[in-house]
Structures are given as structure tokens and as C-alpha cells.
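Single-structure report; data block below.
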Amino acid sequence: QICNQHNAEAPNLEQVFHRMAQTEPNLDHDVSWFLLPSYWAKMVVALISFLCFANSYDGDFVFDDSEAIINNKDLRAETPLGDLWHHDFWGSKLSSNTSHKSYRPLTVLTFRINYLFAGGFYPVGFHVINIILHCTISVLMVDVFSILLGGLQFSNKGRRLNLAPKTSLLAALLFAVHPVHTECVAGIVGRADLLCALFFLLSFLGYCKAFRENKEGHNFSIFWVLVSVILGAVAMLCKEQGITILGLNAVFDALVINKLNVLELIQKLLHKDKSLENAGLLRKGLLFRITLLMSGGASILYIRWRIMGTGPPAFTEVDNPASFADSLFVRAINYNYYYSLNAWLLLCPWWLCFDWSMGCIPLIKSVSDWRIIALAALWFCLIGLICQALCSEDSHKRRILTLGLGFLIIPFLPASNLFFRVGFVIAERVIYLPSIGYCILFTYGFSLLSKQAKKKKILAVAVLGILLINVMRCALRSSQWRSEEQLFRSALSVCPLNAKVHYNVGKNLADKGNQSAAIKYYREAVRLNPKYVHAMNNLGNILKERNELQEAEELLSLAVQIQPDFAAAWMNLGIVQNSLRRFEEAEQSYWTAIKHRKKYPDCYYNLGRLYADLNRHIDALNAWRNATVLKPEHSLAWNNMIILLDNTGNLAQAEAVGREALGLIPNDHSLMFSLANVLGKSQKYKESEALFLKAIKANPNAASYHGNLAVLYHRWGNLDLAKKHYEVSLKLDPMAPGTKENYNLLRRKLEQLQKKGG
């Protein structure tokens, strides 16, 4: 599949490459930097990129990892593989109104493989793969930067030559150690960006192979162009940004392969010059290749659109407040301010945060806001670079600046809010690919300074210092990503106005049992964002547990008033109302929760408890049965059914339910205990004893287990064993209800037997 058409007026590509090497200046000429063979350069880059993030290998699942991995049913073996192609990144159906429409099935597939090989949710394997991926990408960057900075030329044997070994090594090192990449590498969810970047680069390198000289001497290989399109599609199936490589391949083709002068072309178009062919636009093969790229891209996007459905993703104002602003002026100003902050993170990646939403960056609403300076600075720099990229007489400068700007801007476009609303204000992970453009521009600037500087070594030492600082910053930031506590607390100084930061710190403290400290952070989250319903819900839960029911009810009522379909808040409100003995209101709240979330086993469980308190036994059993149908491993619901049937004298039915429950959850010691009680009352002593002993083996410190086993032995007539287990029970819990009385009865009986025997 080789294109053998030839244009007599277009120079042979071999001659183009040869002339490129002859006439274009070499960036490495004036640069004082390490000159290493290609193999050693790649080894150095791999080693340093590994050192930057190695300390994240044994980190926990943090932040979004819980939803994307632990709670994602698509990772489990029982979920058919085909479902991955119909679900979003978080495991929800793409057709659902709540889906974020993030379609990344190949990334989810790698998570699933990780889960299967590890035999469960063990984060080490997930982290190791992320580190390996970043090292691999960094190594590939040596080849990519050698092309972008030095041009594309092949030897007589068809081997690509590295015409910029020093600057390509420097640029690859800058990429490998950039601290803004920490979220992608140390956060497991960042694998989407890593896999996307891997296939993005492979697509670019594949496209370059299309112009490798071959025996027939043809101009380019259609096969490699198609391979590049396919790899671009694979990149998009890892993350949406991947599709942008097709546009960058077209830009590279025009600028490097065909040496197109964009300004000259624009002038000729404006003047309707008939010599456009000489400008390079109609050179043989260029339009054909760009047509292939555009057709492939359009087909990929159409298939993606059909799979996703026509509905846009559902985001809220707190996710991206600027996109909800009524004024076009306010939206435009704030979008541009976000761009300037992204640029600043590339230039000075010191203030990093896991989340930039919820008031972290207040909206600019007036031109008198001093932050307008950041916009002016951004566009001053961009316009200056664009002018140089278009108007410079130096073709080498035009090419490098245009490629640098292209790799900086084009991969960022899906996150720019220009085409559709995104669900974040700033996300460090989306700068992973655009940082390629930053590294090109930084390296080119360094080469220009080196050309002018008299003491080149001092300049090289300064750059080496920047690299060293970045390595230390990466190591520090990676350690912060190792646990949620460190990650969330690290954000307090960066985004003190971010309600989500305070919420997450509070949630982490609550999970560790520190309720008093958690309350403080939840209150601050609600103060910063008075409509933060999740903070209200969690704060209400803690207050409920501390028996501060009045305030808990107020918070939960406000939460459901702000968000009427918030099922969890409705259920928690029902629990509080039940505790306040307002049973009718509680029942109504539970049913409202179920209306908004049809499959809600915990709510059915709590509804069953309400009915049990009201002695509506049939309704209670039905509610708990619904809970176990929706969630077969719902141990509490099974237990309550067994206990209620036992207490109402339905021993046969209680036994049947207990056996059914143990069949589904065979290692649950609480179910063993409940069924053992039923069997003991049914005088099935041997089977009851076996279950009691099994429950005690699983949980040896449960006083009630020993106490009830003692009662069984007492009934059975095994008095010595009964005495032993009564004593163990009292040792574990001296206040165990009924145990002391039963033990005293047994002692009196033993004393009577001894007297008779005497």
C-alpha cells in the first residue's frame, strides 16, 4: 500500500530531507549540555522519571480512585466484558442522565486486568503500572523531541537520524520531571492520560514512519498513515484528548514534510495567487494524507457520538461556575483566566491541588479585577510567539515555534470549554499532553539564550538546577498522593476557599473516627458553599450519631430542599425522624428516597427497621427481603429477618431464611450466630453447637457468642462446657445482660449436684 504518484514540480522527499539537514541550523550547536548516545539518553530519562515517582508505588487508592476503581462494577469478573463498551469511565451506563459521558473503555480494561491479576483491590499493582507507563512515555519523548526539534531525516538504510541529541535529551528530561504530571502518575485514575499519551506518541511516530525511504523510492506509505489513524483512535478510547493527534500529524506534515510557509500561503490566498502549488499546499500527497487524517478523525468522532448518545454530559455550577455565567463577557474573561493559570502551572508548578473547583478560583466579574493582568500577560506572550511563528524569516524558528504552539494548544482544546462544557475549572491531568509544547518552547528558548550567552556553562547549571528542583518537587508531591489525609491537607494552603477540600478533609477524619474534628471541616465547607448538600448530609449524619437530632434534621431538610432528588439525604432524614419518633414523616422520607433511587437496599433496610418498631412485621419482612434482593450480601437485613422470625416464634421460617443467607454469605459470623440461636431453640443442639464454634473462631472476642453457646450447653446438659463459656463471656463483658444470672443459676445447680453426689 505505497503511494507511487509523483509530481514533477515537487522535489523528491529524499532530497527535501537531505537539504533540510544541509541548510537548517542545528539547535545543538550552541547548547552546552550532555551529549549521550541515544541508548544512554533513554536510560537516563527512564531512570530519572522513575526516581521522581517511585515513592508513590505503595500508595493507597485516593480521591477519584474510589469511584473509578473500587466502586466500579466493570472491574469485576462477573461483569461481562461487553459492558465496558456501553459504560462510561465510572461504570455508569452512557445512556444515563447522570453519566459524565467519559468514554474510556481501554483504560477501564487495564484496571480490570490489574484487578484480576492482583486477585482484588490491592493498589500496589495499579501504581506500578502507572509508573512504568510514565517512564515509557518519557523514553519515547526522546525520539519525539528529536524529530520536533531537529527535523525528520533517515539514513540510506532507512534509519531515522537524531539531529538534535542534546536538546532532545533536555526536552525529554523536562517532560519526565515536570511536577504537574504527578496527578497522572501517582493518582491511579491518571492512567487514562498516560495510556492516551502513549498511543498519542505512537501515532505520531507511526506517521513519521510513513516518510521513511524504502527500496522502491516511493514518497510515502499509506499503510503507516492508516496505522497512525488507528493508533489515534486507540488513544481516544483511553481518553478523549487522543483524537487531537490527527490534527497535529497534519500540522507536522505541512510544516516539516512539505515545509509550508503559513504566512506566505495566507497572502497568496488573499491575493488569489495562482502559484499556490509552489507554496506547498498542492504538493503531491499532502492533500491526500490530510484527507485520510480528516476522514479517519470524522469517522472516529461519529462512532464516538453514536455510542455516547446525543445528550451532553451533566455537570453542575460548582463543577465549572464560569460556564454557567449568564454574561458572555464573564464566561470569556474567566475561561481566559483559567488558560493563564494552566500556563502558570507549566511555568511554575509549585502550587498544586487535587481539585480546583468550588470557590477555589472566584469568578472575575469586572475589568477592574487585578487578575485581568494575568490574561493580558498570557495573550501578550501568545501573540508574540504567534507573530514569530508566522513572520520570522528564519524557517527553522517558524517551524519549531509553530510545532511548540501546536503541541501546547491543540491537545488542550477538548478541555478549553470552547466546544462543550467540561466538568472542572482546572485539572492538572489535562496538561500532561500540552506540556510537550511547553518543553519544546522552553528548550528552544534555552538554545537561543545559549547562542547569546558568553558563559554557557552557567546557563546549563541553571537549567540543571531547575531539573533538580522539579525532581524534588515530584518526589514531595508523590508522597502527598500516597494517602488521602496527606493529599487533602496539602490542598488547604493552596485552595483555602475550596469547599470540596474542607469536605474531603472532614470525610477523611470522620472515616478515622475523629468526629469532632470532622464537624469543624464540614461546617467550614458549608460556610464556604451554603448549597453544598453532600457536606450537609455528612454533617447531619455525624450530628445524628451524637444525638444532636434537631440540628441534624435542619441540615438534612435543607439539603433535600436544595436538591430534591438527593436520595441519601432523604434516607438520613428518615433515620433522624424515626429517632425523633415522628414515624409517619420518617416513612414518607424513606419512600421519597426510594422514588429517586429505585435500587436502594440500605433504604429498604431502614424502612424495615421502622416497620419493626411499629410492629408491622409483614411490612418489615418485605422491606428487608427487598434489601436482600437488591443486595444479596446485605448481612444486616438477613440478620434482622432471622431475629424477627425467631422472636415471633416462626422458627422453621427463621431457619430457612438463615440457611439461605449463609448460602449467599458463608463466612458471615453474625449470620452463623443468629442461625445457631434458632437451631438451639429447635433442639438441634449438635448443628447449633457447630455454628456457634465457627462464629467464635471467626470472632473470638464477642461476649454474646460465648454467652449464648453457654446457654445451649446449659439446655443440652453439658454443664462443664456451659460454665467455661459463661466465664469467658463475663471476662469479655462483665455487664453482659442475662449472662451473670444464668451463670449463677448454673453454679447453684452444680453445687446441688455436688451435694447429692457427696
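Cβ coordinates come from backbone N, Cα and C, glycine included.
All annotation found in TrEMBL is predicted automatically rather than curated by experts.
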Could you check which of 131-151, 341-361 is flagged in TrEMBL as transmembrane segment? 131-151
Residues of the same chain, at least six outside the transmembrane segment (286-305), with any C-beta under 8 angstroms of its C-beta? 3, 103, 210, 220, 222, 225-226, 228-229, 232-233, 236, 243, 246-247, 249-250, 253-254, 257-258, 280
Need one number: mean pLDDT over the repeat 'TPR' (601-634). 95
Spatial neighbours of the transmembrane segment (458-476) far in sequence, C-beta under 8 Å, 6+ residues away: 31-33, 48, 51-53, 55, 170, 173-174, 177-179, 181-182, 349-350, 446, 449-450
With pairs 6 or more apart in sequence, are the transmembrane segment (131-151) and the transmembrane segment (430-449) linked by at least 3 Cβ pairs under 8 Å? yes
Interface check, the transmembrane segment (188-208) with the transmembrane segment (430-449), three or more C-beta pairs under 8 A: yes
The transmembrane segment (220-237) and the transmembrane segment (403-424): do they have three or more Cβ pairs under 8 Å, with pairs 6 or more apart in sequence? no
Secondary structure split (DSSP) over the repeat 'TPR' (499-532) reads 27 helix, 0 strand, 7 coil
Across the repeat 'TPR' (703-736), what are the DSSP residue counts per state (helix, strand, coil)? 28 helix, 0 strand, 6 coil
